[in-house]
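Swiss-Prot annotations:
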- Lys100: active site, schiff-base intermediate with DXP (ACT_SITE)
- Gly161, Ala187, Gly188, Asn209, Thr210: 1-deoxy-D-xylulose 5-phosphate binding site (BINDING)
Amino acid sequence: MQENLKNDKLKIGKYEFDSRFILGSGKYSLELIKSAIEEAKTQIITLALRRANTGEIANILDYIPKNITLLPNTSGARNADEALRIARLSRELGCGELIKIEVISDSRYLLPDNYETIKACELLAKEGFTPLPYMHADLYAARAMRDAGAAAIMPLAAPIGSNKGLCAKEFIQILLNEIDLPIIVDAGIGSPSQACEAMQMGVSAVMVNTAIAEAKDVALMAKAFSLAVNAGRAAFLAGLASVSKAKASSPLTGFLRD
């Protein structure tokens with residue numbers, strides 16, 4: 001089993017990673033970014049392009065170690081065309097071809113627009129990007145995103161920033177059953193135990209932002225999530241026992257009347 005864990009890689013398109021914990025960077029002070037990355041033991045960090053403005057004195061890229069893979073997102077895009085423009089700008093800034101597609105036209109609930117996200121997947125894939133669409137867990141939309149060129153599917157667990165956990169658990173399970181791409185749970189994970197539960201389901205990775213950024217001790221919470229993700233993955237690989245009725249843990253033969 002130790003060998004299984006050692007060789008267990010997260011594969012996204014042509015990329016491979018040892019860590020299955022993706023760290024968001026949207027709510028941290030710049031001073032806390034580096035310590036959170038170190039304690040999270042992550043290899044991927046998401047990045048809103050507005051925080052990577054190379055014309056500013058305080059640039060988040062200066063606080064992210066060079067060995068970390070950047071996953072820029074299209075935050076702020078309201079449709080597929082806007083997502084494409086942001087992705088192009090990201091590539092011009094040297095952020096690479098991995099891109100998390102975020103298309104949100106609803107400012108109240110901040111739910112992803114699956115229809116525009118499908119269109120964005122197709123547009124970005126045609127331009128050589130490796131798209132990872134953030135989406136509402138829906139099988140038909142996930143199939144369309146896969147067919148449009150998505151390298152992974154990133155369903156929300158609960159509304160972004162809500163910390164409510166796996167509200168969409170049953171729908172995520174359907175994606176796990178039917179979609180032959182990495183399923184990365186994104187948004188709504190509020191505690192290490194929820195991240196562990198998601199990994200136990202068999203998702204490929206978990207992304208967390210708010211629950212760490214708003215913790216009293218950011219670095220320690222990042223470490224807690226990292227341990228939880230690893231524990232959940234190990235439990236999934238080990239094979240969780242599942243029974244439908246009571247089963248004694250000790251033999252009952254020769255006991256009392258027998």
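Note that Cβ sites are derived from N, Cα and C of the backbone, with glycine treated the same way.
Projection of Swiss-Prot feature records onto the structure.
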residue : record                                         : DSSP class
Lys100  : active site, schiff-base intermediate with DXP : strand
Gly161  : 1-deoxy-D-xylulose 5-phosphate binding site    : coil
Ala187  : 1-deoxy-D-xylulose 5-phosphate binding site    : coil
Asn209  : 1-deoxy-D-xylulose 5-phosphate binding site    : coil
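Whole-number maximum of the Cα to Cα distances across the 1-deoxy-D-xylulose 5-phosphate-binding residues Gly161, Ala187, Gly188, Asn209, Thr210: 9 angstrom. Non-local neighbourhood of Gly188 (1-deoxy-D-xylulose 5-phosphate binding site): Leu156, Ala157, Ala158, Pro159, Ile160, Gly161, Ser162, Asn163, Lys164, Gly165, Leu166, Cys167, Ala168, each in the same chain, at least six residues away, with C-beta under 8 Å from its C-beta. Neighbours of the 1-deoxy-D-xylulose 5-phosphate site: apart from Gly161, Ala187, Gly188, Asn209, Thr210, residues of the same chain with C-beta atoms within 8 angstroms of the site's C-beta centroid are Gly24, Ala158, Pro159, Ile160, Ser162, Asn163, Ile189, Gly190, Val208, Ala211. Local packing around the Cβ, expressed as the count of other Cβ atoms within 10 angstroms, is greatest for Asn209 among the binding-site residues Asn209, Thr210.
Separating the Cα atoms of Asn209 (1-deoxy-D-xylulose 5-phosphate binding site) and the residue listed as 'active site, schiff-base intermediate with DXP' is a whole-number distance of 14 Å. For the pair Thr210 (1-deoxy-D-xylulose 5-phosphate binding site) and Lys100 (active site, schiff-base intermediate with DXP), the C-alpha distance works out to 17 angstrom. Around Gly161 (1-deoxy-D-xylulose 5-phosphate binding site), taking its Cβ as the centre, 17 other Cβ atoms fall within 10 Å, counting all chains.
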